[in-house]
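S.K.: The active site, nucleophile annotation in TrEMBL covers 179. Residues or ranges marked as active site, charge relay system in TrEMBL: 347, 376. The feature domain 'Partial AB-hydrolase lipase' is assigned by TrEMBL to 45-103. The signal peptide annotation in TrEMBL covers 1-23.
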């Protein structure tokens, strides 16, 4: 067991690790929460303001009662109250939160780079993550608190964050998503009321289909029905800091999958991130998610679908009025909505074949950036991502003929 925590990368969170404010900002809703002990606990105070950037925090309530944190960041020379640039929402991936955009230097982290480029940067944090603030009536110890998947993250969390930003800025919004953040974005953009708030979307490691996932540890988790095993233990929150789950995943490696390079066994080979910062990354990652969310992702892998959660025939009839869950129709994303996608040849989660499947179903022709040597983590933490990826993304945002 000693070897497992020592080699665990922070972005086991990107698919299958299991986990687990406030500055001079502005709040909506109830800001009191047992996990919120002082301003020093906020993302603004811990990662953003120490680097000299203005940062405000808002609390946004979803239709089903979850209290989400949104941070708003301006450049070191900017005034948070007078933002001139177009708003951009950064939407993190699985087992991550808004800190993912600020884990490296100000010259390497996308959140800082966009702020310095004059964008009005908003940072999303979905339900269950450490920076968000629980629920209006449910405790995190209750099963019902964790009764959600990426379906709710797309249709409730992302929708409400976009609505709030739109109401504050009176502007359409750029979305940047990574990994699960792209699943959320693509699903949300099939809904006309959400799509109309979005100016353009930039998707890093875009995912709508997962049936060509090749990461060996991920495939073993699916094969042994890890999602059902965890439910059998009476767990509904995925918390990798739990000894039970650490031991369980360690047993999946032992004698079955070579986890010597644990990160590669989960995400594919990454070329360019700074491994010397691993201990720092682990101070912030991973964040919690739900077992139901994991089950929904496993359904995508097993069934080759991009659909709502599959409850089984009888409950599907009750929930959806049909035997199978409705698909999210990528054809419904407006052809006029500009899309930019960047993906890598070494990504074992957002596989090139699955990305091509996504492209075939879209009515538009997204701008594409393919990087042969990039893996899943490189799009967030590569020491060269500013030049390899972010410059292209910013060029897309600035070069489009947006309203």
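Every residue, even glycine, has its Cβ placed from backbone N, Cα and C.
Can you tell me where each of these features sits in this structure?
M.R.: Every protein chain shown contributes to the tally, and the Cβ of residue 179 (active site, nucleophile) ends up with 31 other Cβ atoms within 10 Å.
Note on residue 347 (active site, charge relay system): other Cβ atoms within 10 Å of its Cβ, all shown chains, come to 28.
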S.K.: Over the domain 'Partial AB-hydrolase lipase' (45-103), what is the model's mean pLDDT?
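M.R.: Over the domain 'Partial AB-hydrolase lipase' (45-103), the predicted model scores a mean pLDDT of 91.
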S.K.: So if I draw a 10 Å sphere around the Cβ of residue 376 (active site, charge relay system), how many other Cβ atoms end up inside it?
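M.R.: I get 29 for this one.
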